[in-house]
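Student: I grabbed these lines from TrEMBL:
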DOMAIN    58-187  domain 'TFIID subunit TAF5 NTD2'
REGION    235-265  region 'Disordered'
COMPBIAS  237-246  compositional bias 'Acidic residues'
REPEAT    317-350  repeat 'WD'
REPEAT    390-425  repeat 'WD'
REPEAT    432-473  repeat 'WD'
REPEAT    474-515  repeat 'WD'
REPEAT    516-557  repeat 'WD'
REPEAT    558-599  repeat 'WD'
């Protein structure tokens, strides 16, 4: 009878959405050729809602505790090789049992279940369980982010074929309808062939709100290579060096030897996206000159390593504890922008050249437009200052970001808007309204024109500076998207979320192409390696995780910080990774050694690569007196700039 009701409910749904062909086909196959009467139709209206409801109301509320105890006993009694994989089902089953009891009004039994088995769950789930323990009535579940996530999404568990067959056998023997319902409806097993994973391998990728990534999530091809740089970079440098005397091309040779990454850029990278894949802005003459300048700076760059650590210059913001929310240094290290809780933005110059504003319209009319130095003449020397203040937001400013050409500045705020500022007129040009909740992060694309935002509405968005609506909305996270970062080739955007996952999105299709789990707390910082293949992420769990974008695998876990990590930076030659934390320290990690020791070829074949955890990759730790780290940035010559606020309390 229940099967017939389910069929009738499905037919009712098909009728509701006017899918007549499918309805007829289903009737024929299910031998329901007699037309369903109107009585049946009325009956199935209620049937639809009950069949599709999240939690079944069958069974005695007293059964749950016994069923869970028995499941726990079965897991603990299993062979060691399978025990850890079987143990992965305990947490999701426990959560759904609790929610099922609450949904069906058995408050007392739900609280009892939570008190008895809640403390036994893994440490990294305790914060979620605490939030769940406040949900004790069916009404509490409405609109609750956590319960909605569990109701609407299957919890994903990666399990070997052998472990899964042991679990199925056990469930068939015991025939606990409560357990079977939960496992069939709310758990998804991503089965793989091979040996069951050990405890370390499982723990490395556990911790996300809805379990691990399926292998399908990381199957898409990712073009992580760098785009071919225009030849303009190289020719003018040679010409200009020629005029400098006999040793003209020495820096070039030296650089090629020192820095293989730099010389590779001219070759076509097989893993790079096609130049026409995503429309990028054309280079203006000023951009070409800037690239030449950057290349000449790079010739004088220090090559870093264990024996040559970078010099660090720390900018301390005094009298600002609890007032400063973000800091950012421009790509050429000439400007520092800081966002404040009282909604203002301050921009400082870090070089002798002061910040000037553009002349008035009347004065601009008198300028000779054909002059070579027209851009210089447009600026008013009398307005030169070392610091400028930008007013416009009406809430804390959570992030500021410079455009690659340093003519524009983006800022995002609690007031749900993103603002684009001109650093020539020092005024707000555009106010972008799309997010309906606070915006936590904003970043310019390395090639300019595009920018990405991340917010409390669980989405990240891709924008273009000349359009007031987003071009793409990246939806899929189950909680706040806390940070966003562009890939060096501007074709991808990475996001880190409070749902403890890192995702990589394709700007062209809008789809997610990588889903990476392993963090045990919200993620606050992301940074791509110089050559684009690796991604470093860090956050409230005080660990830095390194991912291989080719396959979406976790490669290494760097521990040592005692507080949340809010900033990461790779040196310009890619040899050193730095992390800055609220524990008032900067740590330098030997990334080149780590990359050498990673066995990247085997990763694709072996399903469970071993995660490197050695502390020997830590080169040095520098402590500030009492200044939590807000921002880290490497100059073109590989000097490390850091910014933080002095906390006298």
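Every residue, even glycine, has its Cβ placed from backbone N, Cα and C.
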Student: For the repeat 'WD' (432-473), which stretch among 390-425, 516-557, 558-599 has the most Cβ pairs under 8 A?
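Tutor: That would be 390-425.
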Student: With a Cβ cut-off under 8 Å, give me the same-chain residues at least six positions beyond the ends of the repeat 'WD' (516-557) that come close to it.
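Tutor: Residues 123-124, 127, 204-208, 211-213, 217-218, 222, 224-226, 261, 264, 271, 479-480, 482-489, 494-498, 500-504, 563-570, 572-574, 577, 579, 581, 583, 589, 591, 594-595, 598, 600, 603-604, 609, 611-613, 617.
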Student: Just to confirm my parser: what is the rounded mean pLDDT across the repeat 'WD' (432-473)?
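Tutor: Here the mean pLDDT over the repeat 'WD' (432-473) amounts to 93.
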Student: Just to be sure I understand, if DSSP states are collapsed into helix, strand and coil, how many residues of the repeat 'WD' (558-599) fall in each?
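Tutor: Going through the repeat 'WD' (558-599) residue by residue, I get 7 helix, 20 strand, 15 coil.
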